[in-house]
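So that you can see what the record holds, here are the features copied from TrEMBL:
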type: DOMAIN; residues: B:359-389; note: domain '4Fe-4S ferredoxin-type'
type: BINDING; residues: B:C369, B:C372, B:C375, B:C418; note: [4Fe-4S] cluster 1 binding site
type: BINDING; residues: B:C379, B:C408, B:C411, B:C414; note: [4Fe-4S] cluster 2 binding site
type: DOMAIN; residues: B:399-428; note: domain '4Fe-4S ferredoxin-type'
type: COMPBIAS; residues: B:461-471; note: compositional bias 'Basic and acidic residues'
type: REGION; residues: B:461-491; note: region 'Disordered'
type: REGION; residues: B:534-581; note: region 'Disordered'
Amino acid sequence: MAFSTPPYVLGPGSVRRVMLQVLIGLLPGIAAYIWLLGASIVLQLLIATVAALAGEALMLWLRGKPQGLFLSDGSAVVTAWLIALAFPPLAPWWLIVGGTLFAIVVAKHLYGGLGQNPFNPAMIAFAVCIVSFPALMSQWPALGLKLTLVEQLKFIAGLIPRIDVMSGATPLDALKTALKLGEGTVDVPTLLATQEVFGNFAGRGWEWVSVGYLVGGLWLWQKKIISWQAPLGFLGSLFLLAAVLWIWSPQQFANPFFHLFSGGSMLGAFFIVTDPVSGSTTSRGKLIFGFAAGVLAYLIRVFGGYPDGIAFAVLLMNLCVPLIDMYTQPPIFGMKNER
Amino acid sequence: MLQHLFGFKGGVKPQTNKAPSVQQAIGQAPLPERLYVPLHQSIGGSPNPLVEAGEQVLKGQLIGGADGWMSAAVHAPTSGIVLAIEQHVAAHPSGLPTLTVVIAPDGRDEWIARTPLDYRSLAPERVREALRDAGVVGLGGAVFPSHAKLTAASSVAVEQLVINGAECEPFMTCDDLLMRERAEEIVRGSAIFRELLAARRVLIGIEDNKPEAVAAMQAAVQRLGEDHEVVAVPTRYPAGGAKQLIRVLTGKEVPASKRSTELGVQCFNVATAYTAYRALAYGEPVISRIVTLTGNVLQPRNWEVRLGTPLRNLVALGQPKADTSSYLMGGPMMGFEIPDLAAPVIKATNCVIAGSPTLFPPRPPEMPCIRCGACAEVCPHELQPFELYWFARARNFGKTQEYHLFDCIECGCCSYVCPSHIPLVQYFRFAKSEIWSREREKQAAEAAKARFELRNARAEREQAEKAERLARAATTRSSERKPASVAASPPVAVSEPGVASAVASEPAIAPTPVDADALKKATIVAAMERARAQRAAVQPRNTEQLTPQQQREIAAIEARRANLQAESPPDAVNQPRRAAE
C-alpha cells in the first residue's frame, strides 16, 4: 500500500472539488451577466483564466513546485473568475491580465502560494487597479447601451476609443455623483425613480446579476462549501447600517435593498468574505469578519472616495483575521461550562 | 422506553461495509499448530511469566501474572506444552518483538479446574481481583484493565453505566454478532458492573444500523428482568468512541483532563461485559475473542479466535483474494497496517481487514491547507485541527497544548474530510510523542540534577561531620594532653618561680581553657581547610568521570538555566505543560 497511516479511507473531498464547486456557484451570476450585457464577459473570464494559469505556472516553475498538481487544483481559476467579474466588463484586456498576474504572482505566490496568502488575491487585484487606473475601473457600460459582440470585443481589445461610448457608471457611483453634484437639491427617491440606471430594487439589470450570485451562494451554502456566518454577517451589517441611515434620512440615503443588490454586495458576501484562506476560521470569527467588512463596505461606498467599498473592506478585515481568530476560539468538548 | 438522545458535534459517515461479515454466525477458528501468547496485552504493567519452557499447561492456566494493580493476567488458550518464552513479533504498528509464550497445543483442549465465583457474596474488592486475574480488559480495542475502571469516584456516585455496543468503525461487526448471539451474557455482565459501581442506570448504546443486535439485546434484557435501557443511537462515526457515546446517552462531556467517573458515568464495551460474566460465572479467563475477518476476502466472517493464533492462520480462513496487498488490524479509521502476519491475535484484535489497492486506494498527494475548516466541522471534540496542524508543523508544541492537543482522540475524522489530504492525525501523534519525549528528557535531566545536588550535599555533610569528629577528637586529645603539660610545667616553673608556684598552687585552671579553645578553633579551621581542599580535589574528578549521557544532561541543564535567566519573565505559555493533562 502506498500509505500506511490511518484513516485508510478518505472522504470524497478535494481542493479541486471545492474550487470546482465555487466555479459552479458563480454560474447563475455569470448567466445573468451574459443575458444582460452580452457574451463579452466570457472572453474576459477566458483572458483572466489564461493569465492566471500562466502566472501560476511561471511561479510554480520558479518555486520548484509540481506543476500538474497545483495548476489543476482550480484555485487560480477561481481567482481569475472573481477578477473578471469584479472588473468592468469592457475593461481593456491588459487591465484584466495585469490585475490577474498581480493577484497570482504577488498576492498569492510571493506570500507562499495556495493557502498562505493573508489577503484575498482577487481583491488585491481590484484595489491595485482601482488605485492605479481609476477611470478605466469605474467605466461600466450603461445597460441602455446596446453593443454588438464585435463592438464589445473591440473595446476589450482596445480598438475603439473608450471615452465617447462609456456613458454609464455603476448605480452606486451614479447615486453618489448625483448627490454630490446636486448639493442637497436632489433627493434619493427622486433619483432612483427618474434615472434610467436604476431598476426595480437596485441598479437596472445589475440587480439580476446580484440575484444570480445570491442563488449560487445559497447553493454553495447548501453544499457546505461555505458556511452562513460570513455572508449573513456581511449582508446583515450592510442592511442594518443602510436601514438605520435610510430611516433617519430617506432623502439622503438609499434604502437597504438598494445596497444589498448593488455593486459587489452579493458577489462579496458569498464569494469574497467566505474565502477560507484569507478569512476568519472560527464560527464567531466569521460572523465578526463578515459584519465588520459589511460596515466598512457601506462606509466606503457611501462616505468614501470609491464607488464601491467591498475590496478595501475585505482587505482591511484580512489584516484583522489573526486577532479575530485568536479571540474567538470556541470552547472544546467538555469545557463549555468551564469558561 | 423513551430516551432523550443528545447529539455530539462533528463526526463523519464513511461507507460502513458491514454487511459482508454478518451473513454467517460466529465461527470457531481451528486450533493452530503453534500459539504465540504475548505476555503484555493490556495497558499497564507487563505480566510476569509463570511457566517455563517444557512445562505442560492446561487450557485457562495462568501463564502471566498481573504485574501490579494496573495490569491484567494472561492465560494459556489451550492445553499443550510451553515450547519457549521468547521475543516474538507483536501485533503492533512498529512490528517490534515482545516477550511471548509459545505453546504447542496437544489437541486435547483440556481445561483447568474452573471455579465459578459467587460474585454476589464476595467483597467488591475480591471481584475486582478476580477480574484482573481472569485477564478481563476492554475488548473494544483499548485493552484497559477493566477492574481498574470498576471503582466509583469517592465524591461522585455513578449515575449511568454505559455499555458500548455502538461499533462505529466501518467493516467491524464483532460486537454486532456477539450481541445477536450472546446477548444474555452481556446483560448479566452489565449487571455485575452495575453492582460494583452501584450505578443507578444502565444504558446500552447500539448504532441504529444494527437492528438485529438492538432487538436481541432488548429481548435479553426483558427475559432477565433487568431494567437496562437498550438505546439505538444514530449511526455516525465515531458514535462508538466512549466519550461520544457517553455524550449521546447522558449529555455529559468528559474532557481529557477528567475521568468519566468524576462526572458520575462509566463505560464498558459489550464484549468486556461478556468476558467479565464468563470469568465470574464460569471461571473462564479471557483466552479467546471474536474477530471480524473481512475486506478483500472470499469468506468474510466473524470468528471466535484463540488469543495467540498467528494472524496468518486467521486470514487463511477468509481466503484472501489474489490482489490482497495489506492487512489492517482494527477499523480503517483508527486501525493500523499489520507489519507481519506472524504476529498473533491479541485481546485488542477486534477486526482484521484484507486490503487491496481498490479497497484502500493510495492517499492522493498532500496539498497545502486552505483553512477551509472542514476538519473543525467534523471534529467530535470540537478542536481546531488545522490550527493544531500549523503549530505541530512549526514545532510550536506549547501552542499545540494551548489548542488542546491532548483532547484529540485520534478518531481520524479530520484526516477523512481534509480536501488537501493532509494526514492530520499523524501530525498530532508526532506532536504528542515529541511532547512526551521532551517531558521524559526534562524529567530525566531534573532527576539527574537532583541526584547530583544530593550527592554534593551529602559529601559536604560528611566532610563537615568528619571535621567535627576530628575537632572533637583533637579536643579530647588536648584535654588528655593537659595533665601532661601540667606535669611538664615544672621546667617552665623553674625559669619563673613566682608564676610556677602560683601555677602549682592552682593547677592549670586559668590557662587551660584558653589553650583548649584556641586549639579547638585551630583544629576546626584546619579540618575545614582540609575538607575544602579535599572537595576541590574531588569535584573535578566528579565531572570528569561522567558518562556522555550525564554530560549531555548537565549541558542541557546549564543551557536551560542560561535560557531561563535570559528570558525574564519566562514565557510560561511556551513551557510544555504536563503531558498527562
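Yeah, the Cβs are placed from backbone N, Cα and C, and that goes for glycine too.
A TrEMBL annotation is a machine prediction, not a hand-curated record.
Fewest Cβ neighbours within 10 Å among the binding-site residues B:C379, B:C408, B:C418: that distinction goes to B:C408. Within 10 Å of B:C375 ([4Fe-4S] cluster 1 binding site), judged by CA to CA distance, lie the following binding-site residues from the set B:C408, B:C411, B:C414: B:C414. Mean model confidence for the domain '4Fe-4S ferredoxin-type' (B:359-389) is a pLDDT of 94. Working note on the binding-site residues B:C369, B:C372, B:C375, B:C411, B:C414: by count of other C-beta atoms within 10 Å of each C-beta, B:C414 ranks first. Listed binding-site residues (B:C369, B:C372, B:C375, B:C408, B:C414, B:C418) with a CB under 8 Å from any chain A CB: B:C369, B:C372, B:C418. With respect to B:C418 ([4Fe-4S] cluster 1 binding site), the closest of these binding-site residues in Cα terms is B:C379, chosen from B:C379, B:C408, B:C411. According to DSSP, B:C414 ([4Fe-4S] cluster 2 binding site) is assigned to a helical segment.
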